[in-house]
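Beneath this line is the structure, given in structure tokens, with notes to follow.
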Amino acid sequence: MIPGHRGPWSAPLCRRLVPAGHSGMGLSPAASGEYGIRLFRVPWPSRPKQISRTASTESSDTQPTNDSASSQALVVQFLPKLPKQDRGLEQARSLRQGQKPEINLELIPSKKRTEMIPSSDSEIEGNLKNQAAESNQKPRPGDLIEIFRIGYEHWAIYVEDDCVVHLAPPSEFEAGSITSIFSNRAVVKYSRLQDVLHGCSWKINNKLDGTYLPLPVDKIIQRTKNMINKIVQYSLIEGNCEHFVNDLRYGVPRSQQVEHVLVEGAKAAGAVLSAVVDSIRPKPITA
């Protein structure tokens, strides 16, 4: 607080030494000695007007029209859309100024997730089959193809250009059905792999390569092509489709599918026979 200061913006009083007896306004009557004290007012600088950072579209009486135009020009310069990295800072400033934050939610759908979500059971089954097919490498000539049908596995041998040779029942009506395995004859057919699948999954399965040495590829293909369109005897136990393709690749007609069934059947028969024997065996008489 300045001595003699009456208010926050009133002019202060300044002292000046003048010779005694000198008349003038501000001479103190009680002054004594050679010099007296003269008080006079010095104009206090006016308070600077607070400049608003926010430009107003309305022109003020004390502000020239060109100032309003320049303010509007400044507003236009600062209105361009900010980059994404500066949006957070601008939003924080708006919150400090009491403005409502602008919320911009950008939802980016994931195309891959949408494609992975099937809408029906048929699409689920189709996706599984496609995944199983894509997981296998492309077959080479002479490879054995295992096809997983309902209740059993069908076998074919790959030749060329997505085509295979396989055993099929004489009637096309029976093709791909479980009744075809009970026929006593079959036709060697040259077909496209997709036509043989009948919507079933498949894989390359040369599982006997560790047991038998495969024949040369050119010999396998020659033997296979020589069998096309021939009618052969078919037997579920001794001459099925697996016997056929193994004979073409290794020269050994063998079916692990049948062997597994026979082994399991023997085990079941043994268990039944053991139970029968135990049931008819006389029990010791206890006192």
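From the backbone N, Cα and C atoms, a Cβ is placed for every residue, glycine too.
For reference, Swiss-Prot has these:
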- HIS154: active site (ACT_SITE)
- HIS166: active site (ACT_SITE)
- CYS241: active site, acyl-thioester intermediate (ACT_SITE)
- 49-72: compositional bias 'Polar residues' (COMPBIAS)
- 128-138: compositional bias 'Polar residues' (COMPBIAS)
- 144-257: domain 'LRAT' (DOMAIN)
- 48-72: region 'Disordered' (REGION)
- 86-138: region 'Disordered' (REGION)
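Note on the active-site residues HIS154, HIS166: the fewest other CB atoms within 10 A surround the CB of HIS166.
Across the domain 'LRAT' (144-257), the model assigns an average pLDDT of 88. Each residue contributes its Cα atom, and for CYS241 (active site, acyl-thioester intermediate) and HIS166 (active site) those atoms are 7 Å apart. Between the C-alpha atoms of HIS166 (active site) and HIS154 (active site), the distance comes to 9 Å.
In terms of DSSP secondary structure, the domain 'LRAT' (144-257) contains 39 helix, 38 strand, 37 coil. The local packing around CYS241 (active site, acyl-thioester intermediate), expressed as other Cβ atoms within 10 Å of its Cβ over all shown chains, amounts to 24.
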